[in-house]
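Heads up: the structure comes next, in structure tokens.
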């Protein structure tokens, strides 16, 4: 008897025309195409890990990268509104820090004692009023606070503190909407990991920001895989400052030690390392009072800003492994968007050149996949 899948002539029967792929074959082909496209995307996606000690300005750099590459889409209206409470908290924290500094340095409060008591146990999440802003301004202008601020190399004080105090009346206005600069200057201590993504064709960039405080660094290792570059950020003014978490430790010394730990890590033997020496504006102000020889007694160069900047850059290069140089060094003030834009252009150009073969191969594969896709679509039609 004839089987059900044969004709009377004994030839196999199929509903497919000769050369036409089966449904299973089409699914397999589609899956392979999707996998190939994913590999191409991976080859054109570069991950940059931003590292540095606490308050080096890492998160400020990331904010500016978002502003540069995403424009108005960098911050939603809800996010912008949330910065109002952040700036209020920053003002309160800065006041409390200077109160503690006065106590540590045995600076008498004088006629500001009533305002000091008012803010000592002040709720940091409270919304500031106009009266609160007046009290903060009085404290900031007081002899006690100015004396403590003048000795900030001996105690911890946030770099953006003066900005908060000088703008506090604006912050408490009922219709206050944080400007781009306000949001850049707002300080939220980074804990955990934050990713920022943007594209400059043909490359998709992922910038990973992790907390820089000592308590956060043990988490860093989980983000080391698949990194195309390290961007290490340093607070230049740190040569004359102490750490938030350890006021017996100089910030620049901490940054140098941390940089050496990262640069000599076997995970990064083949990974380009970029150095952003940040807060050059504060550095110039610090030099008016204290030369870098206070931290580097061996420095006997010129007293010019550039000579001292170059010397600091050399200290980081000395902590690189033998026969490996820092890929690129930039002197920036991260609060200035233009500085970050130009510095990151150099990073992008270096990485595209460094990975040119990988990029070219990926683009060739992408073009071939696109051609194959169009060919398959034409066959279906």
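Backbone N, Cα and C atoms are what each Cβ position is placed from, and that goes for glycine too.
Here is what TrEMBL records for this protein:
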type	residues	note
REGION	1-28	region 'Disordered'
COMPBIAS	1-14	compositional bias 'Polar residues'
BINDING	55-60, 209-213, 278-281, 334	GTP binding site
BINDING	59, 190	Mg(2+) binding site
Which of these binding-site residues is closest to residue 190 (Mg(2+) binding site) if you go by CA atoms: 55, 59, 211, 279, 281?
211
Hey, which of the binding-site residues 57, 211 is the loneliest by Cβ count within 10 Å?
211
Residue 281 (GTP binding site) in three-state DSSP notation:
helix
When neighbour density is defined as the number of other C-beta atoms within 10 angstroms of a residue's C-beta, which of the binding-site residues 55, 209, 281 has the lowest density?
281
Fewest other Cβ within 10 angstroms of its own Cβ, chosen from the binding-site residues 59, 190:
190
Spatial neighbours, same chain, of residue 279 (GTP binding site) - Cβ under 8 Å, 6+ residues apart:
57, 159, 235, 236, 237, 333, 334
